[in-house]
Amino acid sequence: MPLSPLRSSSFSSLANIVALAVFLLLLTAPTSSAQLSNNFYSKTCPNVFNTVKAVVKSAVAKEPRIGASILRLFFHDCFVDGCDGSLLLDDTPSLLGEKTAAANNNSVRGFEVIDGIKSRVEKLCPGVVSCADILTIASRDSVVLLGGPFWKVKVGRRDSRTANFSAANSGVIPPPTSNLTNLIKTFEAQGLSAKDMVALSGAHTIGKARCASFRDHIYNGSNIERRFALARQRKCPRTSGTGDNNLAVLDLRTSKHFDNNYFKNLLKKKGLLNSDQVLFNGGSTDSLVRTYSQNNKVFDSDFVTAMIKMGDNKPLTGSRGEIRKNCRRVN
Ligand code: HEM
Ligand SMILES: *[C@@H]1O[C@H](CO)[C@@H](O)[C@H](O)[C@H]1NC(C)=O
Ligand SMILES: *[C@@H]1O[C@H](CO)[C@@H](O)[C@H](O)[C@H]1NC(C)=O
Ligand SMILES: *[C@@H]1O[C@H](CO)[C@@H](O)[C@H](O)[C@H]1NC(C)=O
Ligand SMILES: *[C@@H]1O[C@H](CO)[C@@H](O)[C@H](O)[C@H]1NC(C)=O
C-alpha cells in the first residue's frame with residue numbers, strides 16, 4: 001500500500017530525528033576508546049609494529065623474564081589514570097612519578113627496553129608514536145614471543161603530561177594480600193569483569209615475584225599445599241626485611257612459557273601469591289579457574305579479550321596529552 005505524502009514525510013522526519021539522536025549519543029557517549037584503531041599509524045609509521053617486535057625479540061632472547069616485566073608495566077600503567085604512559089615517567093623535582101608507589105617500588109622493571117624501542121621508533125618516524133602505544137604493542141609481542149596468543153593491537157593513545165604517585169599508591173593496583181572481593185572490586189573499578197580479572201591473572205604464568213610479596217602466604221596461608229610452602233620458605237626467610245628481594249617463579253613449572261599451567265597450579269593449591277590462590281578457594285571464580293586449567297584455548301581467548309579491554313581504558317586521544325620524545329620525561 002502506497003504511503004500518503006504526509007505519512008511518508010512524517011515517517012522520514014521521525015527517522016531523521018532518531019538518526020540524529022543516535023548520532024549525538026555516539027558523539028557524547030563515553031566511548032573512551034573511540035579513536036583507537038589497528039591502523040592508526042598505517043600512513044604515519046607503517047613499520048612501527050615490526051620495529052617494536054624486533055627490539056622485544058632480542059630483549060626476550062637475552063632474558064625471557066623481561067617479557068613478563070613488560071606485560072606487568074602495561075597493567076600498572078593502565079590501572080592508574082588509564083593507559084597513558086604515566087608509569088614510564090621518572091621522578092623530577094616537580095613531578096613525583098609512580099615508580100616508587102608501593103606496588104612498583106623495587107619491583108617494576110623493563111624501562112630500558114621501552115627506551116630502546118622508543119629510540120628506534122623515533123629514528124623511523126620522529127614525534128609520531130606514543131610511549132603508551134609502544135608499551136601496548138610490546139606487551140602483546142612479549143606474550144607472543146613467550147608462546148602465548150597473538151591479537152591485533154589497537155593504537156592511537158597519546159602520552160600523559162603528568163603522573164600521579166598518590167593514585168598509584170591508593171590501592172587501585174591491588175596488593176598480593178588481596179582477598180577475592182578486593183580483586184573483583186579493583187578490576188570492576190577499571191571496567192573489567194571478574195572473568196576479565198581471572199583471565200588477566202593468568203599473566204602470572206610467566207615471571208617472578210619477590211619474597212616480600214608472598215611471605216605472608218607461604219608462612220601463614222591456610223590455602224596452600226604444605227610441601228610447596230616449605231620449599232618456598234627455604235629461599236624466603238620469615239623475618240620481614242631479610243631476603244625481601246629473593247625471587248621465586250610465579251608458575252612453578254613453566255615460568256618462561258605463556259600457557260595455562262598457572263591455573264593447574266591453583267587446583268593443587270600451589271599459587272605463589274595469596275591473590276593467586278583466592279581465585280580457587282571455594283569462591284565464585286573456582287569454576288572459571290577449572291575451565292582455564294582444562295582448556296588452554298578458552299584461556300587464550302578470554303585473556304586476549306581482557307587485554308584489549310584493559311588497553312581501551314581511558315586513553316588520551318585527539319589533541320589531549322602529547323607524543324613524548326623520551327618516555328621518561330614530558331616534552
Ligand atoms: C589480580 C591482581 C594482581 C595482583 C595482586 C598482582 C600482583 C603481583 C605481584 C605482587 C607480583 C610480584 C611483584 C614483585 O614481587 O616484585 C606480580 C608479578 C607479575 N604480574 Fe601481577 N598481579 C595482578 C594481576 C596482574 C595482571 C592483570 C597482569 C598482566 C596482565 C600481571 C602481570 C604480572 C607479571 C607478568 C608478573 C611478573 C613480572 C616480572 O617477572 O617482572 N599481574 N604481580
Ligand atoms: C622505595 O624503596 C627504597 C629502597 O628500598 C626506599 O628507600 C624508599 O623509601 C621507597 N620509597 C617509597 C615511596 O616507599
Ligand atoms: C591523583 O590521584 C589522587 C588520588 O586518586 C586524586 O585525588 C588527585 O586528584 C589526582 N591528582 C591529579 C593531578 O590528577
Ligand atoms: C577483603 O579485603 C578488603 C580490603 O582489604 C577488606 O576490607 C575486607 O574486609 C576483606 N573481606 C573479607 C571477607 O575478608
Ligand atoms: C603470620 O601470623 C602471625 C600471627 O598472626 C604474625 O605474628 C606474623 O607476623 C605473620 N607473618 C609471618 C610472615 O609469619
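A Cβ is built for glycine as well, from the same backbone N, Cα and C atoms used for every other residue.
The model shown is predicted, which means the values in this text are computed figures rather than measured ones.
Annotation source TrEMBL lists active site, proton acceptor at His76. Cβ environment of His76 (active site, proton acceptor): Leu87, Glu98, Ala103, Asn104, Val108, Ala168, Ile173 lie under 8 Å away, each six or more residues apart in the same chain. DSSP assigns His76 (active site, proton acceptor) to a helix in the three-state reduction.
Within the same chain, the residues at least 6 positions away from Asp84 (Ca(2+) 1 binding site) whose Cβ sits under 8 Å from its Cβ are Asp77, Ala132, Arg157, Arg158, Asp159, Ser160, Lys314, Pro315, Leu316, Gly321, listed in sequence order. The Ca(2+) 1 binding site feature in TrEMBL is assigned to Asp77, Val80, Gly82, Asp84, Ser86, Glu98.
Under 8 Å, Cβ to Cβ, and six or more positions away along its own chain, Pro174 (substrate binding site) finds Asn182, Leu183, Thr186, Phe187, Ser275. Under the heading substrate binding site, TrEMBL lists Pro174.
Under DSSP, His204 (heme b binding site) is assigned to a helix (H, G or I) in the three-state scheme. Under 8 Å, Cβ to Cβ, and six or more positions away along its own chain, His204 (heme b binding site) finds Leu250, Asp251, Tyr262, Leu272, Leu273, Asp276. The heme b binding site annotation in TrEMBL covers His204.
Residues annotated as Ca(2+) 2 binding site in TrEMBL: Thr205, Asp251, Thr254, Asp259.
For the recorded site, Cys45 (disulfide bond), the DSSP three-state label reads coil. Per TrEMBL, the feature disulfide bond maps to Cys45-Cys125 (among others).
Among the features that TrEMBL reports, disulfide bond is placed at Cys78-Cys83 (among others). For Cys78 (disulfide bond), other Cβ atoms within 10 Å of its Cβ number 29.
Per TrEMBL, the feature disulfide bond maps to Cys131-Cys327 (among others). Classification of Cys327 (disulfide bond) by DSSP places it in coil, neither helical nor stranded.
Secondary structure at Cys236 (disulfide bond), as computed by DSSP, is coil. Under 8 Å, Cβ to Cβ, and six or more positions away along its own chain, Cys236 (disulfide bond) finds Cys211, Phe214, Arg215, Ile218, Gly243, Asn246, Ala248. For Cys211-Cys236 (among others), the entry in TrEMBL reads disulfide bond.
Residues or ranges marked as domain 'Plant heme peroxidase family profile' by TrEMBL: 35-331.
Among the features that TrEMBL reports, signal peptide is placed at 1-34.
Around the Cβ of Arg72 (site 'Transition state stabilizer'), a 10 Å sphere holds 22 further Cβ atoms from the protein chains shown. The annotation site 'Transition state stabilizer' is assigned in TrEMBL to Arg72.
Within 10 Å of the C-beta atom of Glu98 (Ca(2+) 1 binding site) sit 26 other C-beta atoms, taking all shown protein chains into account. Here the C-alpha separation of Thr254 (Ca(2+) 2 binding site) and Arg72 (site 'Transition state stabilizer') works out to 18 Å. Using Cα positions, the member of the binding-site residues Val80, Gly82, Ser86 nearest to Cys125 (disulfide bond) is identified as Ser86. Listed in sequence order, the residues His76, Cys78, Phe79, Asp81, Cys83, Gly85, Leu87, Ser160, Ala163, Asn164, Ala168 complete the 8 Å Cβ shell around the Ca(2+) 1 site centroid, once Asp77, Val80, Gly82, Asp84, Ser86, Glu98 themselves are left out.
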